[in-house]
Amino acid sequence: MQNWFKSGDSLNLVDLYVKKFMDLIEIERRCEMDFHKNEIIKLGKKRENVGRAILNLKGKFLGESLGCTIVRFGRKKPFKTEISPGDVVLVSKENPLQSDLYANVIYVGKNFIDVAFDVDVPKWVYKERVRVDLYVNDITFKRMKEALREFARKRDKLAYIILGIEHPEKPLREDIKLEFYDKNLNESQKLAVKKAVLSRDLYLIHGPPGTGKTRTITEVIVQEVKFNKHKVLATADSNIAADNILEYLIKKYPDLKVVRVGHPTRISKDLIQHSLPYLIENHEKYQEILALREKIKEIKEQRDKFLKPSPRWRRGMSDEQILKVAKRKKSYRGIPKEKIVSMAEWIIRNKKIKRIINNLDEITEKIMNEILAEADVIVATNSMAGSEILKGWEFDVIVIDEGSQAMEPSCLIPIVKGRKLIMAGDHKQLPPTVLSENEELKKTLFERLIKKYPEFSSILEIQYRMNEKIMEFPNKMFYNNKLKADESVKNITLLDLVKEEEIDEVDRDIINEIPVQFINVEGIERKDKESPSYYNIEEAEKVLEIVKKLVKYKIPTNVITPYDAQVRYLRRLFEEHNIDIEVNTVDGFQGRENEAIVISFVRTKNFGFLKDLRRLNVAITRAKRKLILIGNENLLKQDKVYNEMIKWAKSVEEEHKNKIIQK
């Protein structure tokens, strides 16, 4: 990556930075669009088998909600799919390459999928043999490019800090006493909040797993509003992370005026009353909009009784010419006078509709701007910060959560709207997903800035998630032993959830107070021809055996594995045995936790992307009371870090067995 921190001509640096990222974004955009196009080209049945399409559907109108048309696509035969709420889908008459009809997924059932359309829905949607494909559009890439252009245009102090041309300024005063609204913050959280609020340009909060990063960030947001009297734009790269910020804010600070900007289908149902579409519909002036919509509907019905001026009937005439000829009430260019008069009536009513729509848009925009102006905090994804809705809006502070999971240009979308930046993240966990495999895009703005300006950052030190023994290895490997387990979780085990006398002897190898166990499986890594991903049958069988025991005692459990093929194999296996627990990749489970976590490493010959140690960190730190590691010891021992992991797991098990003997 170009070293933006070298001294030099600031104008050239800005231009170099913008050009570099413009090129990288375009490469990534092409990779993503090509990937989805190539996926869609695959035979429909094959694509359905891997969960990326649903075939042979029929649409049913369900109603309208928040400005969208809701349609249920169903069939008799149940389906398994990777498509989930919030996804964009391409709806087609069996051939997705010939369609440009997009919808947002609301809900996925066993044999139906509910979607929301923002456009008029064609009649064929309600007929047989409709196909739905998982899709991606390139709007976020367009917004990244627009943000880069704005970054180049503004060239303000924050831009120069990002490039290393200028240095963040120290606070004018550090002796100010803050009154914390969240009374349960620990000392490291309070310190991070105070330093962030008193900072003038930039502050970075490093939040390792379970340390209450989002909780800390929400206190920062409230302090910015209450103490600094600032208007805040709070963002995250994903809708789930944005909803987490919103949820914390409304639960802990109900007097705060918070508005969530985003498509209603991508916002949690529990939070929808704080969304912009909902607030618009409940505004006192919304009745005017409803009245205008009724008027449009009424005029459309009148209009459609007349002849639409299609090219066949226009014979090259413009609307104005048709209106002129109609007044003469004569035939023209071989068109009977009745047809000309009918077309004129259609045009007159269509013009009325357009005038009303313009009026409707003006009223909607006025209501929207009133709501946004009254808000203390606006919450959105990074991408939605660049939408038309927030065009022209400026903020005192930009707060970005999960900053270590977003590509640098994604963070620029909200950043160009503010004067001060506060970011929270953990660069020791997974980087953003980059299809082009470009290392320069994988290195995040959060990581760059925290390495450049360590004095403008702090780490949250107390973790509230896991047993201290589970924490031990990641703490040493990734966090320089700075983490401490809170007393509330320090010694938690499965035996807090299950009475020891109720455990059958055959289950005690797993259902015990040992927080970490490594189980060696001499399996074989396999790969199917049509998939680049790996699976391991022997490991899957061992996972099943262990999960059966955990489920028997109703212990909340998840299985994590780095490979999609192993995820699919395990899901089928669990379905055959009527086991209903979630299996996911490391990427799919980041930001979450459970009482017991089982990890299947899969590989037996080569490491593949097991080599990305951030994946290992994420996988391990999802567990609260029990972590079970399943892998091929002969392979894993060849890597220094994995060898340390095995030694650690065995030492924890040995230590607890000795304690049991001593009892």
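Backbone N, Cα and C atoms are what each Cβ position is placed from, and that goes for glycine too.
DSSP classifies Pro208 (ATP binding site) as coil under the three-state reduction. The Cβ neighbour count for Pro208 (ATP binding site), using a 10 Å radius over every protein chain in view, is 24. Sequence annotations record features per position, and here Swiss-Prot assigns ATP binding site to Gly207, Pro208, Pro209, Gly210, Thr211, Gly212, Lys213, Thr214 based on similarity to another entry.
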Determine which residues of this chain, when Gly207, Pro208, Pro209, Gly210, Thr211, Gly212, Lys213, Thr214 are set aside, have a Cβ within 8 Å of the centroid of the ATP site's Cβ atoms, and list them as they appear in the sequence.
Thr216, Asp426, Leu460, Gln463
With every protein chain in view, how many other Cβ atoms are within 10 Å of the Cβ of Gly207 (ATP binding site)?
27
Within a 10 Å radius around the Cβ, which one of these binding-site residues has the most neighbouring Cβ atoms: Thr211, Thr214?
Thr211
Go through Pro209, Gly210, the listed binding-site residues, and name the one with the sparsest Cβ surroundings, counting other Cβ atoms within 10 Å.
Gly210
May I ask which residues of the same chain, at least 6 positions away in sequence, place their Cβ under 8 angstroms from the Cβ of Lys213 (ATP binding site)?
Ile205, Gly207, Asp401, Ala424, Gly425, Asp426, Leu460
